Number of protein chains: 2
Amino acid sequence: MMENIIFRNFLGGKGLKLTKERTAVLSEVYSFHGHFEPEYLYSRIKGSGSKASRASVYRTLSLLVECGLVKRVTRTDKGNIYEHTYGHSHHDHMICDICGEIIEFFSEKLEKLQDEICEKNSFIGSSHALEIRGRCKKCRM
Amino acid sequence: MMENIIFRNFLGGKGLKLTKERTAVLSEVYSFHGHFEPEYLYSRIKGSGSKASRASVYRTLSLLVECGLVKRVTRTDKGNIYEHTYGHSHHDHMICDICGEIIEFFSEKLEKLQDEICEKNSFIGSSHALEIRGRCKKCRM
DNA sequence: CTACATGCAAATAATTTGCATTAGC
DNA sequence: GCTAATGCAAATTATTTGCATGTAG
């Protein structure tokens, strides 16, 4: 579990502690593949026998985003949606307006395009997120 | 003001009414060029001598998004950021992580890329939003 | 006239925070 | 042991909603 080492180092470097709760959140985040909301993560943790309060889930999630192990995918009207990143290569998302399904894709051309666009605007791009909205295969009608 | 006509038609078609408050919100939205938060819009309306409660600002904003006269640009931790769209061609955004500045850009290549990607995934894309994050010219260091 | 819209204040709901207690290092 | 982390419940904050009253068509 490379992610545990990454997290430990990150915390250590800032004088923070690797607690049971933080470990529980991290391992739960990496126990499945897909997108999640904080509340869903919280319920999985409770169901898994570990313990961590909602507050700790939120606090830990912030740390995980800060150290790059988790990424905020998008924000719905309800709240944030996250995904873990380690072992995941960079990708973007298509979101179905009908059923809400989130489909991942990767485009080499898009990566190059970002560099081009940044150069043209004297901007130093560090990351990008392309979100395409529409109808997925199932909801095509 | 084409946008007034568009809004009037939209409302009429749904049996809704064009009230003073809705007119005030629309004209305030179109009175300046740039991105805004609901609260900022509300304060501008109050300052301009028109009247519309915060509730009406929110309610009207939803209608304007629904009829396409306003678009939600992004969502910060605080809340939504909007922009008006009429007379504005489609574009995407670069957001500076340091100062928060939002820079607009347009890329023909990106438009084509969306179609390509959708085709490849049997997705019917209706819109996209590319958000590039990094450092703007001023904050480049 | 008769829906529909308004303003207000109360309700929501996700996230954050203060604080007394517990636990890494 | 010292400092940071936890759980809880209360606080925050953007947005929504119920309701009595006002108004556009």
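A Cβ is built for glycine as well, from the same backbone N, Cα and C atoms used for every other residue.
As the structure is a computational prediction, the values presented were derived from the model and not from experiment.
Cβ neighbours within 10 Å of B:Asp92 (Fe cation binding site), excluding its own Cβ and spanning all shown chains: 20. Look at TrEMBL and you will find B:His90, B:Asp92, B:Glu111, B:His128 tagged as Fe cation binding site.
The C-beta environment of B:Cys136 (Zn(2+) binding site), restricted to residues of the same chain at least 6 apart in sequence and closer than 8 Å, consists of B:Met94, B:Cys96, B:Ile98, B:Cys99, B:Glu101, B:Ile103. The Zn(2+) binding site feature in TrEMBL is assigned to B:Cys96, B:Cys99, B:Cys136, B:Cys139.
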B:Asp92 (Fe cation binding site) and B:Cys139 (Zn(2+) binding site), Cα-Cα, nearest whole angstrom: 20
Sorted by sequence, non-B:His90, B:Asp92, B:Glu111, B:His128 residues with Cβ within 8 Å of centre, Fe cation: B:His91, B:Phe106, B:Ser107, B:Leu110, B:Gln114, B:Ser127, B:Ala129, B:Leu130
Residues that sit under 8 angstroms from B:His90 (Fe cation binding site) by C-beta distance, when 6+ apart in the chain: B:Phe106, B:Glu111
